[in-house]
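In Swiss-Prot this protein carries:
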DISULFID  Cys105-Cys337  disulfide bond
BINDING   Cys112, Cys116, Cys119  [4Fe-4S] cluster binding site
BINDING   Gly159, Glu160, Ser189, Ser218, Leu219, His220, Asn294  S-adenosyl-L-methionine binding site
ACT_SITE  Cys337  active site, S-methylcysteine intermediate
Amino acid sequence: MKNVLLGRSAAELEDWAVAQGHKSFRGRQIHDWLYNKGVKSLSEISALPKQWRTELEAQTFRVGRLKLVHQSVAADATTKLLLATDDGETIETVGIPTDQRLTVCISSQVGCPMACRFCATGKSGLQRSLATHEIVDQVLSVREAMDRRPSHVVFMGMGEPLLNSEAVLETIRCLNTDLGIGQRRITVSTVGVPKTLPQLAELAMEKLGRAQFTLAVSLHAPNQQLREELIPTAHAYPYDDLLDDCRHYLDLTGRRVSFEYILLGELNDHPEHAAELADRVGGFQSHVNLIAYNPIEEEEFKRPTSQRIEAFRRVLERRGVAVSLRASRGLDQNAACGQLRRQHLTGSDLT
């Protein structure tokens with residue numbers, strides 16, 4: 001959006017200031033106020049001449065910040081924000097704190113077209129993709145809400161990032177160069193869109209110089225048949241083709257791929273499933289991240305027992321697969337993996 005300043009680099013803001021008839025240092029001042037001070041309107045940038053601020057607002061230039069609609073905090077301090085865009089759409093983003101880090105789980109679209117059966121986001125379909133400033137804002141909003149500098153960012157909120165790759169990669173550039181978050185601390189999660197992984201690698205090298213962020217591919221099943229049952233769009237992307245594209249991505253970037261696997265009680269969590277998964281990803285420079293299912297209202301999937309989770313993990317480890325188990329955070333506020341939607345909690349009811 002040409003009149004929005006958030007999301008622009010220091011160099012872009014310097015050039016823009018010169019084009020407006022001012023010195024380039026004014027662009028650097030704006031950059032500081034956008035990313036370090038987190039202003040929400042041009043009128044707040046007191047370092048700029050008042051007359052110029054008035055002129056810019058008259059020309060409809062704006063910062064591009066979103067509006068905080070609702071904030072909820074879980075018992076474990078995980079914080080979920082409902083944010084409104086200028087056109088009235090809403091998205092959710094989550095801040096996940098530990099003693100050592102603050103991870104922000106951000107959305108790349110309003111809703112999601114992938115319709116994974118175990119995920120709340122896809123139940124309402126896709127409204128539109130988010131612009132760069134709308135994605136960047138989520139990190140700033142969490143920073144403000146939690147009064148803490150984010151250390152890690154994961155594109156695991158609402159939407160399919162590879163259906164909005166231009167804005168996602170520009171956001172990564174902004175997070176890296178403007179907010180100082182290292183690429184290796186950024187993860188892009190995808191359920192898989194045919195032919196996009198090699199394109200992502202090439203576009204990342206063009207825009208970022210190197211693709212150093214982590215790619216996380218959501219498998220959630222050890223074979224094509226079961227994957228299609230859980231992920232309707234998987235019918236267009238055969239399992240072997242997806243893994244071949246992951247290998248191609250690895251060859252292009254030199255970066256290990258992470259595979260995500262949601263464990264659904266007595267559906268995809270048998271030891272036989274673990275053995276089949278190990279056969280698929282074994283000998284591959286990769287890592288498997290296990291995620292216990294987080295309940296949503298519309299589905300009757302079960303969260304697996306801790307015994308079944310541990311048995312699944314042991315099978316992978318015995319077969320030489322690097323594996324970890326993601327802790328579920330924010331469950332009591334519907335802020336955990338797979339639970340995000342465009343709503344907030346009022347008492348015990350979704351509104």
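Just so you know, glycine gets a Cβ as well, placed from its N, Cα and C.
From a predicted model like this one, the values you see are computed outputs, not experimental measurements.
Sequence features, as recorded in Swiss-Prot, placed on the structure.
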residue : record                               : Cβ within 10 Å
Cys105  : disulfide bond                       : 28
Cys112  : [4Fe-4S] cluster binding site        : 26
Cys119  : [4Fe-4S] cluster binding site        : 26
Gly159  : S-adenosyl-L-methionine binding site : 29
Glu160  : S-adenosyl-L-methionine binding site : 27
Ser189  : S-adenosyl-L-methionine binding site : 22
Ser218  : S-adenosyl-L-methionine binding site : 25
Leu219  : S-adenosyl-L-methionine binding site : 25
His220  : S-adenosyl-L-methionine binding site : 25
Asn294  : S-adenosyl-L-methionine binding site : 21
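Cβ contacts within 10 Å of Cys116 ([4Fe-4S] cluster binding site), excluding its own Cβ and spanning all protein chains shown: 21. The Cα of Glu160 (S-adenosyl-L-methionine binding site) lies closest to that of Cys112, out of the recorded positions Cys105, Cys112, Cys116, Cys119.
In this structure the residues listed as binding S-adenosyl-L-methionine are Gly159, Glu160, Ser189, Ser218, Leu219, His220, Asn294; their two most distant Cα atoms lie 19 Å apart.
The distance from the Cα of Asn294 (S-adenosyl-L-methionine binding site) to the Cα of Cys105 (disulfide bond) comes to 16 Å. Calculated from their C-alpha atoms, the gap between Gly159 (S-adenosyl-L-methionine binding site) and Cys119 ([4Fe-4S] cluster binding site) amounts to 11 Å.
Ranking the recorded positions Cys105, Cys112, Cys116, Cys119 by the distance of their Cα atoms from the Cα of Leu219 (S-adenosyl-L-methionine binding site) places Cys116 first.
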